[in-house]
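Student: I am attaching a structure below and will ask some questions about it afterwards.
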Amino acid sequence: MINLRKTHPLLKIINHSFIDLPAPSNISAWWNFGSLLGICLIIQILTGLFLAMHYTSDTLTAFSSVAHICRDVNHGWLLRNLHANGASMFFMCLFLHVGRGIYYGSYLYKETWNIGVILLLTVMATAFVGYVLPWGQMSFWGATVITNLLSTIPYIGTTLAEWIWGGFAVDKATLTRFFAFHFILPFIITALAVVHLLFLHETGSNNPSGINPDSDKIPFHPYYTIKDALGLMLLLLMLLLLALFSPDLLGDPDNFSPANPLNTPPHIKPEWYFLFAYAILRSIPNKLGGVLALLASILILLIIPLLHTANQRSMMFRPISQTLFWILTANLITLTWIGGQPVEQPFIIIGQLAPMLYFLLILVLMPFAGLFENYMLEPEW
């Protein structure tokens, strides 16, 4: 009998992607995050779909519709908690996935990497518009502050900001269009994720050693399906612990108050996963300069392949680059902490030094470390 999964036009694609896919035999748990991000996306789309059935995108009823979901809808509280904390798990996996890519030199698959950066930006946009929907105090003021940054663009800035708002301030029109964007963007993310996989399967996976693994491949199923299943169990365990025991741990208490344009919260701050970028934005005492630094902090990922100077792909055998990588990690954690602090000393000076170190590490120190390691490995030395 002909094996259907190898001949059927649709099943054949699935077979070549998840079953008979030749995978390197030595990829570690750091390679689990791709599949975990796929699971996160599915969870977010499903919980979001059911939430959208009960949510109303109107300034008068948005806040009360979220309260209604939590109080009156069957398991509505669970859907909302899974969706809100699912976003946190999504970003946790995203940051680890990007970190893995930088550490092991996966960015040298340039097409896959560039699509990945576009995916990251799209997910960030989705999370931002989604945060506005409950129409709490921090939702409203977060939307006001961030969309206001568009006004820094020369000549067209103010017009552009008002066009996005659909008026002269964040209001009903803004909320309605943000809901529309929040609904459509996850499907765009799904399409981009398929393209991301398409480019990945053109080259095959990288591996911890950074050496061409063609001489030693194993089938994806059952080896990596079972490994991904373990990752999935741990992800679900963490998500359920968060959503069931401390669902509001990562949220902002200000969002329990309905949006009030006449009352500004003392400290406006985004969700934890944007704090590193927010700290970079605040570090420059100039509106346009801050916006450019904010953009540069994310878009710098696009030029990382051009800054690769080492003869080895992975950092596995490069201790100096490893040290700088972990300093960069500590620096990002510091930025996340600073982004949530009030604008006063000593946070101001730390918040100005940390972004300088961030750009210095990526643009100067890490490329020079690669060159120095090449020099140290020369046999004549």
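Backbone N, Cα and C define each Cβ position, glycine as well.
Pulled the feature table from Swiss-Prot, pasting it below:
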{"type": "BINDING", "residues": "His83, His182", "note": "heme b b562 binding site"}
{"type": "BINDING", "residues": "His97, His196", "note": "heme b b566 binding site"}
{"type": "BINDING", "residues": "His201", "note": "ubiquinone binding site"}
{"type": "TRANSMEM", "residues": "33-53", "note": "transmembrane segment"}
{"type": "TRANSMEM", "residues": "77-98", "note": "transmembrane segment"}
{"type": "TRANSMEM", "residues": "113-133", "note": "transmembrane segment"}
{"type": "TRANSMEM", "residues": "178-198", "note": "transmembrane segment"}
{"type": "TRANSMEM", "residues": "226-246", "note": "transmembrane segment"}
{"type": "TRANSMEM", "residues": "288-308", "note": "transmembrane segment"}
{"type": "TRANSMEM", "residues": "320-340", "note": "transmembrane segment"}
{"type": "TRANSMEM", "residues": "347-367", "note": "transmembrane segment"}
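Walk me through the surroundings of each of these features.
Tutor: His182 (heme b b562 binding site) has a Cβ environment of 22 other Cβ atoms inside 10 Å.
Proximity of His97 (heme b b566 binding site) to non-local residues of its own chain (separation of 6 or more, Cβ distance below 8 Å) is seen for Phe33, Gly34, Leu37, Gly116, given in sequence order. In the three-state DSSP scheme, His97 (heme b b566 binding site) is classed as helix.
Taking a C-beta cut-off of under 8 angstroms and a sequence separation of 6 or more, His201 (ubiquinone binding site) has the following same-chain neighbours: His16, Ser17, Leu21.
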Student: Sequence gap of 6 or more, Cβ distance under 8 Å, 3 or more pairs: do the transmembrane segment (33-53) and the transmembrane segment (226-246) meet that?
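Tutor: In this chain the transmembrane segment (33-53) contacts the transmembrane segment (226-246) - 3 or more Cβ pairs sit under 8 Å.
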Student: Sequence-remote contacts (6 or more beyond its ends) of the transmembrane segment (77-98), Cβ cut-off under 8 Å?
Tutor: 30, 33-34, 36-37, 40-41, 43-44, 47-48, 50-51, 66, 69-71, 116, 120, 123, 127, 130, 235, 238-239, 242-244, 247, 250-251, 271-273, 301
Student: Could you state the CA-to-CA distance between His83 (heme b b562 binding site) and His196 (heme b b566 binding site) to the nearest Å?
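Tutor: So the Cα of His196 (heme b b566 binding site) lies 24 Å away from that of His83 (heme b b562 binding site).
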Student: List, by number or range, the same-chain residues at least 6 past the transmembrane segment (320-340) whose CB is under 8 A from its CB atoms?
Tutor: 99, 102-103, 269-270, 272, 274-280, 282, 310, 347, 350-351, 354-355, 357-358, 361-362, 365-366, 369-370, 372-373
Student: At the level of the C-alpha atoms, what whole-angstrom distance separates His182 (heme b b562 binding site) and His196 (heme b b566 binding site)?
Tutor: 21
Student: Who sits close to His196 (heme b b566 binding site): which same-chain residues at least 6 apart have their Cβ under 8 Å from its Cβ?
Tutor: Thr112, Ile115, Gly116, Leu119
Student: Residues of the same chain, at least six outside the transmembrane segment (288-308), with any C-beta under 8 angstroms of its C-beta?
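Tutor: Sequence-distant neighbours of the transmembrane segment (288-308): 98, 102, 105, 107-108, 110, 113-114, 117, 120-121, 124, 149, 152, 276-278, 280-282, 355, 358-359, 362-363, 366-367, 370.
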